Every structure is written in structure tokens, then in C-alpha cells.
Amino acid sequence: MTGKKSKRNVVLKCCLMDDDKHCKQFAGSAVYGRRIVRLITDQNLNLRLNPKARHTNMCNYHRDILQIAKIEYKRNNKKRMRSPEINMHLLTVKTLRRYKSYYNIRAGRGWNKARLVNAVEEHLKTLPINETEIINNFIHMVITNGNKLDKKE
Ligand SMILES: [Zn+2]
């Protein structure tokens, strides 16, 4: 048997309760911790620590379940983090060119709108976001009715 053993050499059972039933599987080396509590809450899993368990080792089945939940959680999180889609095609060529020249994006002179849109979209994805700066610029714009980002020509 490969299960985790207690100090008294007794093979331990999984520390979790699944759907309010004690898990009867043998405990492995995976440990129930704070991160797992968060994951269980986030993913609405019907798992909790068996209050009678004197250890925090889980069985391999629950370890795998939680592993999958973690991947799922990360994937959803990435989706949430991704900026909302902006349709750059709605911008005028003039605006796209302004963006391009502000950020010194290399582009050929005769670039058509589609190529400009691509370049701007690619560049936008790489921009770090400084909220304070954005808010300050916005306030400046409202007060002065001008755009701080415009280069003085
Ligand atoms: Zn289990």
C-alpha cells in the first residue's frame, strides 16, 4: 500500500468530505491548504475538510480533481484579465496614424488601414497600464479640453 501513514503507522484516509460524505480513499502526499480552500470557494466545489481528520493529506483522486479545477480557474482568470475587444477598424486612418506616430511604431508610408489596424492592435496588447497616469491624463483632457498625449508640432 502506498498511502500516507500516520506516526502510529496507520494508513490515513483522505482528509476531505465530498458532497458531505467522508472520502474513503487513502491519503496521498498532496496537502489541503489555504490555496485549496480558495480554489474550492472560487470553483464552487462541494468539498471541505473533514472536521474529524487529524491531518490534511488528500487522496490522489481529489488531488487530481483539484488540479483540473486549478487549470480551469486559471483559464477563466485569463479570460477575465484580457482587455475587452476594441474594434480598431472603427478608428479613422488619421487616428491610427496618430497612435502610430505617438508610439513610434515602424510602419511603411503607404500602409493601408488594415495594416495600420494590425500594427496598432499588436502594439496595444503590449502596453502596460498605468492607471494613475491614465486618470491624470483624462482629468487634464476634461479641464483643458485638449489631449496631453498630442505631440506639439
Ligand atoms: Zn479524497
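Using N, Cα and C of the backbone, Cβ positions are placed for all residues, glycine too.
Just so you know, TrEMBL annotations are computer predictions that nobody has curated.
Quantities reported herein were computed from a predicted structural model and do not represent experimental measurements.
Residues or ranges marked as domain 'Histone deacetylase complex subunit SAP30 zinc-finger' by TrEMBL: 14-77.
Residues annotated as domain 'Histone deacetylase complex subunit SAP30 Sin3 binding' in TrEMBL: 91-142.
The domain 'Histone deacetylase complex subunit SAP30 zinc-finger' (14-77) scores a mean pLDDT of 92 in the predicted structure.
Here the domain 'Histone deacetylase complex subunit SAP30 zinc-finger' (14-77) is broken down by DSSP into helix, strand and coil counts: 27 helix, 11 strand, 26 coil.
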